[in-house]
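Below is one structure; the comments refer to it alone.
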Amino acid sequence: MYSNVIGTITSGKRKVYLLSLLLIGFWDCVTCHGSPVDICIAKPRDIPMNPMCIYRSPEKKATEDEGSEQKIPEATNRRVWELSKANSRFATTFYQHLADSKNDNDNIFLSPLSISTAFAMTKLGACNDTLQQLMEVFKFDTISEKTSDQIHFFFAKLNCRLYRKANKSSKLVSANRLFGDKSLTFNETYQDISELVYGAKLQPLDFKENAEQSRAAINKWVSNKTEGRITDVIPPEAINELTVLVLVNTIYFKGLWKSKFSPENTRKELFYKADGESCSASMMYQEGKFRYRRVAEGTQVLELPFKGDDITMVLILPKPEKSLAKVEKELTPEVLQEWLDELEEMMLVVHMPRFRIEDGFSLKEQLQDMGLVDLFSPEKSKLPGIVAEGRDDLYVSDAFHKAFLEVNEEGSEAAASTAVVIAGRSLNPNRVTFKANRPFLVFIREVPLNTIIFMGRVANPCVK
């Protein structure tokens with residue numbers, strides 16, 4: 001599973017591109033001012049977080065679940081837990097804005113964590129209203145910390161929790177890179193924090209004289225990191241002599257089901273789309289014990305674990321009489337958490353389509369609707385902390401996200417047989433059935449922190 005965000009920070013004359021995608025990388029010990037610092041065991045006092053500007057919250061922002069009992073995972077920093085919850089709030093809000101702009105028959109897939117990380121890296125260089133809007137839109141201001149600079153420390157700790165797993169049966173890794181124009185001197189503090197917190201080293205390129213070669217170099221780096229899954233992520237003419245910086249955040253996940261679907265049980269069945277039309281999908285099948293619950297208005301919630309149990313796929317399937325669009329509009333982080341808390345293990349018959357989703361879209365319109373206005377404005381954007389000497393003519397001209405998900409009998413991104421055989425299915429009328437033969441929501445989450453890594457909807461699994 002991959003997710004990719006490309007954005008452009010531009011000035012009156014120069015641009016900065018933001019790329020957030022899902023690919024392969026590692027979180028390691030980095031060097032800051034000559035001293036090796038392992039970000040995963042460091043204390044706040046060990047890490048100098050001194051961006052050019054700091055946003056100070058006037059008061060703690062009330063949240064929907066304030067006052068309720070918080071079940072914070074063992075050995076988890078409270079602020080890291082709150083950052084994970086902030087990501088969930090951004091995820092559901094952004095998804096609703098995106099779904100409103102799409103046709104009900106369109107598949108959707110994205111990584112809210114990837115998007116948040118890319119814009120957190122941008123926030124390092126932001127000031128004034130631009131910084132405040134980034135804090136508010138990405139829900140960073142809901143964290144019980146009065147200053148914006150500490151968000152980066154908590155991001156580092158969250159990354160350590162997510163990406164430094166000993167489990168070898170599922171792979172969740174991340175990489176970041178800054179590609180900067182070689183003619184410019186970048187703010188030293190911006191570079192230091194980007195590398196220390198996000199592992200994003202600066203690689204100089206010649207955007208001014210060799211824009212096309214620079215584009216090819218970045219695309220090649222992305223292709224290599226994704227094992228060739230994502231190519232030409234930056235389209236022709238997207239980089240030119242005005243480009244200043246390309247920021248790349250990447251996340252990649254590959255997992256095998258804890259309980260695999262047998263290819264011999266896969267057969268063609270009708271999938272009923274939102275518009276009333278149907279298509280022929282390869283429907284997988286298995287019986288087993290899974291965490292499941294029928295919740296409000298007959299909506300079914302099913303959790304399928306990957307090997308290792310730390311990462312799971314959650315499917316939300318409305319009853320046939322209720323549209324998925326209605327569920328999407330009603331979904332909040334609190335509702336989702338309530339549903340997950342109610343799941344119970346039981347014997348289940350699962351019918352689920354084999355599918356592959358590739359999605360790509362601009363983030364600009366949805367983020368502007370959510371209140372991130374100044375960052376995209378040549379007149380209002382304040383990003384003086386990126387280039388040396390406080391240059392203040394940069395803005396984000398656009399931001400794009402690309403994502404990829406493939407699910408089959410083996411799990412995610414695994415090679416599997418293409419044989420379709422009608423055999424091996426049992427009929428047990430006493431067991432609960434989860435049959436995803438109509439549009440459903442999909443989440444991939446890290447269980448202990450309930451971090452939403454990916455989310456989307458499967459509206460048409462028949463798309464090639």
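Glycine is treated like the rest: Cβ placed from N, Cα and C.
Among the candidates R89, R161, R164, the residue that Swiss-Prot annotates alongside W81, R177 as binding heparin is R161. In the three-state DSSP assignment, the secondary structure recorded for R177 (heparin binding site) is strand. Around the Cβ of R177 (heparin binding site), 22 further Cβ atoms fall within 10 Å across all displayed protein chains. If you count neighbouring Cβ atoms within 10 Å for each of the disulfide-bonded residues C40, C53, C462, the highest count belongs to C53. On a Cα basis, W81 (heparin binding site) lies 31 Å away from N187 (N-linked glycosylation site). Of the candidate disulfide-bonded residues, C40, C53, C127, C279, the one lying closest to R161 (heparin binding site) when CA atoms are compared is C40. Taking all protein chains in view, 13 other C-beta atoms sit within 10 angstroms of the C-beta of C279 (disulfide bond). The heparin site in the record is lined by W81, R161, R177, and its two most distant CA atoms lie 26 Å apart. Only C53, of the recorded positions C53, R177, N224, have a C-alpha within 10 angstroms of the C-alpha of N128 (N-linked glycosylation site).
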